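Contents: one structure, followed by commentary.
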Amino acid sequence: MTFTLMGIPGLEAQHLWLSLPFFSMFLAILISNGAILYMLHMEPTLHTPMYLLLALLMVADLISALALLPKLLCLFWFNDRDIAVNACFTQMFFIHGTSVVRSALLVAMAFDRYVAVCEPLRYHMVLSHSLVGRLGLMALAKGVILILPMPLLLQRLTFCHMVIPHTYCDHMAVVKLACDDTRPNRIYGLFVILLVVGLDLVLIGFSYGLILQAVIRLNSRDAICKALNTCSAHLSVILLTYVPALFSSLTHRLGHNTPPHAHILCANLYLLLPSMFNPIIYGMKTKDIKIKVAKCLCGRHS
């Protein structure tokens with residue numbers, strides 16, 4: 001049994017042209033994330049908790065892009081729309097699973113920034129490599145435990161329709177194809193969204209509330225600027241991750257007059273934009289990475 005991916009409804013004639021920006025994003029994600037991961041691996045001075053968490057985030061970004069874009073580009077270039085049911089459920093697991101892992105890692109990075117600003121003298125004592133490893137495993141376990149029931153619940157359904165009006169196997173897009181009662185699937189999907197976005201944003205907000213409280217107590221203007229600059233890259237990544245995701249979710253549920261192609265483009269961009277811009281943001285705003293990149297470029301030029 002196979003599903004058929006429609007692509008972007010209403011823009012089928014433009015699929016070939018749309019493939020150009022998506023292919024450019026794919027190359028940018030592979031090159032930028034791969035380059036930062038290689039640099040973090042090769043430079044012993046960057047083997048610190050913050051950069052280890054950043055490396056895990058970039059691995060999640062790469063897996064998300066690899067789960068989404070190869071099939072999407074085959075659809076755009078070769079009109080290869082068919083996808084086996086098991087392959088569809090596997091793609092769904094990796095796309096949604098990496099989103100959950102990414103969100104959990106952002107919570108861990110918020111804790112890292114809290115310790116760096118509020119307990120700088122105890123930073124390496126609190127955030128040991130073993131703790132970072134446990135945080136990474138917890139993020140992975142959260143992604144697997146929360147997302148694995150989605151394809152398992154879908155396997156019990158009978159499908160009346162086999163055409164998915166999307167570029168990938170989105171959970172709700174597949175649920176809508178079923179003939180059976182889909183309330184358990186819908187309720188569980190909503191539960192995952194509320195747990196991941198709601199709880200993670202509360203924890204991140206709590207961490208930054210404590211950071212802001214500590215920053216307000218500082219007397220020196222330079223110290224305040226330094227403390228805020230320490231968190232700037234992480235805050236930028238949080239905004240880039242959650243704002244498009246919330247916008248996509250709201251337009252999907254409330255924007256009944258929004259054209260279908262707008263829903264699909266938003267759903268794709270909220271997955272791809274963080275993966276593309278995370279290494280750029282950390283490369284521009286993180287002094288250590290900026291110095292290492294400059295050294296590499298200067299060495300090659302000379």
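In case you wondered, yes, glycine gets a Cβ from its N, Cα and C as well.
Features of the protein shown, as given by TrEMBL:
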DOMAIN    32-282  domain 'G-protein coupled receptors family 1 profile'
TRANSMEM  20-40  transmembrane segment
TRANSMEM  52-78  transmembrane segment
TRANSMEM  84-111  transmembrane segment
TRANSMEM  131-154  transmembrane segment
TRANSMEM  187-211  transmembrane segment
TRANSMEM  223-242  transmembrane segment
TRANSMEM  262-282  transmembrane segment
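Between the transmembrane segment (20-40) and the transmembrane segment (262-282), the number of CB pairs under 8 angstroms, six or more residues apart, is three or more, so the stretches are in contact. Counting only same-chain residues 6+ beyond the ends of the transmembrane segment (52-78), those with a CB under 8 A from a CB of the stretch are 5, 7, 15-16, 18-19, 22-23, 25-26, 29-30, 33-34, 36-37, 40-41, 91, 94-95, 98-99, 101-102, 105-106, 108-109, 112, 129, 132, 135-136, 139, 167-168, 237, 268, 271-272, 274-275, 278-279, 282. Model confidence over the domain 'G-protein coupled receptors family 1 profile' (32-282) stands at 90, taken as the mean pLDDT rounded to a whole number.
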